[in-house]
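Residues or ranges marked as signal peptide by TrEMBL: 1-19. Annotation source TrEMBL lists domain 'Ig-like' at 22-111, 133-200. The annotation region 'Disordered' is assigned in TrEMBL to 300-383. Sequence annotations record features per position, and here TrEMBL assigns compositional bias 'Polar residues' to 344-359.
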Amino acid sequence: MDALISFLVLSFLPRLVVPDVPTLTSYRAIVEIVSGKSRIFTGERLHLRCIIPDVYKASWDYLWFRGSVQLPWSGEVLQLWNANIKESGKYSCQGKRETQVGSIKTQRSLPEEIHVDGGFVILQTPQHPILVGDVLDFECRLRGKAPVQKTILYRDGVEVMVQSGSSLYFHLANVTLADEGMYSCRVSWDLSRRTHSVISVATPVNILEVLTQPVLEIDAEGAELEVTKINLICHLQYNARAPAPPVNYYFYQNNNLLGPSTSLNKIKVRQAPGWYSCRAKVPRLDIIRWSEPKRFGKVTGLHLMPPDPHHRNQMSSSPSKSPPHISLAPATQPATPKPFAATPSFNQHTEGSEQSSMHSELPVPTSLPPPDQFPGQTKAPKP
């Protein structure tokens, strides 16, 4: 009898096994710089904090990584007290906690890249994304103190701004996509009848459009069982800072407006051959962007082109005198070199007015100096 009971208990044990529990949470850890900046000199300190977006405020342990290597540190704040060049790299973190069913981890954070510079000058750039129209601020940070007499800012090795005196700050107003590039700075001064000059390592500066040019997708299969319908999807990237004002979408067939504006980036319309396009507008920012026309089905004849894509701070072009039924290639204008001076000048542009009626919406390395020089002499970069 006892043997029979033991057999029955053992036969039911597999049913009592606890089901598998996910070992990875749905939320991702976040790394932020608490003190210091992403570019520091050797010998300086930097503190990074790992944030776990846990609404339940559970207790977590912390795993730190530089690249793919796990670091021997388990605290919430990672401290670099006396940084050296070897500690440069991409830092990330991950939360971990023990439960009754085993270990649970968060998704690893996106990396925060830290540069430790062993030279004498660093070009500090903004850590937040730079948008078209923003002011771009630079600091040419010098190790130690020196009687600075001249500072030069370079983009891609070409002189952008020169200023005399002790100021180590540069400001570029109303930036455009043309201002992207690799930036560096040079600091010069005279001491003991000798001229000293040091240059920073080049730093990349990326500039984003607030609203990118839309790309229209025509999805016939996504219309499900409605074989007489197609989906028009207007894809774009919207980079406005929070709180971002809404985007209005307009859809066109052969330059005829397909209904009123919508806050959704897609609509479903009757399937018909023609040239389709979409337009995105942010009224509060006075930005408008057009997609390139896209053909659907068999289309005969020439298609109508919408106006040249335009947006804030872009010069409004004069009305085209060509017949509207003629397909015109987008005009290509050579870029005008921007003059470099101590105080840069930028062209102010305004967007053309828009017709109000819906029926009128037809698209009419830091150089290390010799020991006897501080910081030392380096050659100017070649344009």
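In case you wondered, yes, glycine gets a Cβ from its N, Cα and C as well.
Where the annotation comes from TrEMBL, it is an automatic prediction and has not been curated.
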Practice item. Determine how many residues of the domain 'Ig-like' (133-200) DSSP places in helix, in strand and in coil. Key: 3 helix, 41 strand, 24 coil
**Study point:** Secondary structure tally of the domain 'Ig-like' (22-111) (DSSP, helix then strand then coil)
**Key:** 3 helix, 50 strand, 37 coil
Exercise for review: For the domain 'Ig-like' (133-200), would you mind checking the mean pLDDT of the predicted model?
Suggested key: 94
